[in-house]
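Here is what TrEMBL says about this protein:
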| type | residues | note |
| --- | --- | --- |
| DOMAIN | 23-251 | domain 'Orn/DAP/Arg decarboxylase 2 N-terminal' |
| MOD_RES | Lys47 | N6-(pyridoxal phosphate)lysine |
| DOMAIN | 253-338 | domain 'Orn/DAP/Arg decarboxylase 2 C-terminal' |
| ACT_SITE | Cys311 | active site, proton donor |
Amino acid sequence: MVENDDFKKFLSIKTPVVVYNLDDLSRKLYELNQLIPEWVNVIYSVKANSNKKIIDFFKESNLIKGFEVASVQELQKVEKFYEEEIFVTGPGFSDDQIKKCMKKGHVYDFNNIEQIYRMKNVLKNRNIGIRMNLEKSELEHNKNDLTSRFGIDIKNLKHGKFSEFLINYNIKVTHIHIHNGEKDLNELKKITRLISEIIENNCLSNDLNINIGGGWEHILKNNLFNKAIIELQRIKKISNSNLYIEPGKALIDSIGYLVASLINKYHSKNCLNLILNVSAHNLITWFPTYPIVSNKNSDSKIVTNIWGNTCYEEDFFVKKLTIDELDIDDKIIFHPFGAYFKSNSKKLHDIDFPKEVYYQNGTFVQ
């Protein structure tokens with residue numbers, strides 16, 4: 001039996017559907033606001049979930065000091081509705097798009113040094129940002145493959161030729177962007193060491209904005225944020241920089257729930273196979289989601305494979321999971337489903353992304 005009243009309501013609506021629990025988001029924003037000192041600024045990375053309702057909610061919380069965008073499309077969406085500071089990064093901007101971006105007053109964070117040299121006449125007497133190259137987080141990546149293709153090597157900043165170039169063209173580096181994936185305290189120490197090296201270089205602006213990026217889920221889940229703040233204080237002590245973090249996934253991933261229905265079932269090799277009215281192949285790219293509850297409370301448990309509804313051979317949600325035996329039209333809730341699912345979704349067989357609804361104060365809202 002489903003005891004959670006919210007889950008009962010989620011299971012009562014037509015599927016497939018994605019439910020975003022705004023009460024959960026309010027709680028998470030409040031909790032982060034209690035932890036974070038005034039000198040650390042929170043910005044929201046739009047790629048995590050670009051739904052206007054979600055972005056509006058962040059804006060109205062007064063916790064968010066700006067937005068990070070990584071494409072022209074995200075930039076257009078944000079600048080159309082919001083006046084907060086926008087941090088622009090990503091390798092997908094052409095020279096012409098960067099020019100237009102700068103004409104609007106945005107500072108672009110360059111991903112490679114060749115593009116800066118190539119655009120020197122456009123960048124003359126302007127402020128720019130740079131994304132720094134840092135090895136990928138060991139929390140996310142195989143230790144034999146930690147090299148990132150993104151960002152400018154610290155050696156280039158130290159190189160006299162580049163410093164001279166910036167001085168000759170009166171180009172000031174006012175933004176530093178560092179992102180290497182999910183963080184723990186060891187990863188933060190790597191970032192602190194890199195920033196210390198950057199600060200030592202006198203070609204940077206005295207009024208420097210340092211964006212330490214996303215990947216805060218591990219730290220927040222494991223109650224390490226206070227220790228993380230101590231590490232950030234080391235950065236504050238050696239510079240007069242403005243510090244920014246992007247805890248988008250940590251804030252919104254757990255507010256999303258996917259509700260799906262069983263449309264077919266069959267047995268094979270001592271295992272029950274379920275086919276749902278959604279596709280794991282279409283919906284899951286970067287991060288997994290898991291079945292947490294169904295509308296069935298049965299004494300009969302069975303080893304189960306849960307499949308999506310496409311012809312792709314590996315379209316599965318989970319395999320060999322022991323759960324209540326389900327029947328046609330039974331429903332399952334998957335969680336988490338808030339961050340990077342819609343933005344990474346595909347449309348095999350022209351299957352649309354599920355309908356999205358919002359849940360607040362015990363009711364569904366528009």
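Cβ atoms here come from the backbone N, Cα and C positions, even for glycine.
In the three-state DSSP reading, the residue listed as 'N6-(pyridoxal phosphate)lysine' counts as helix. For the recorded site, Cys311 (active site, proton donor), the DSSP three-state label reads coil.
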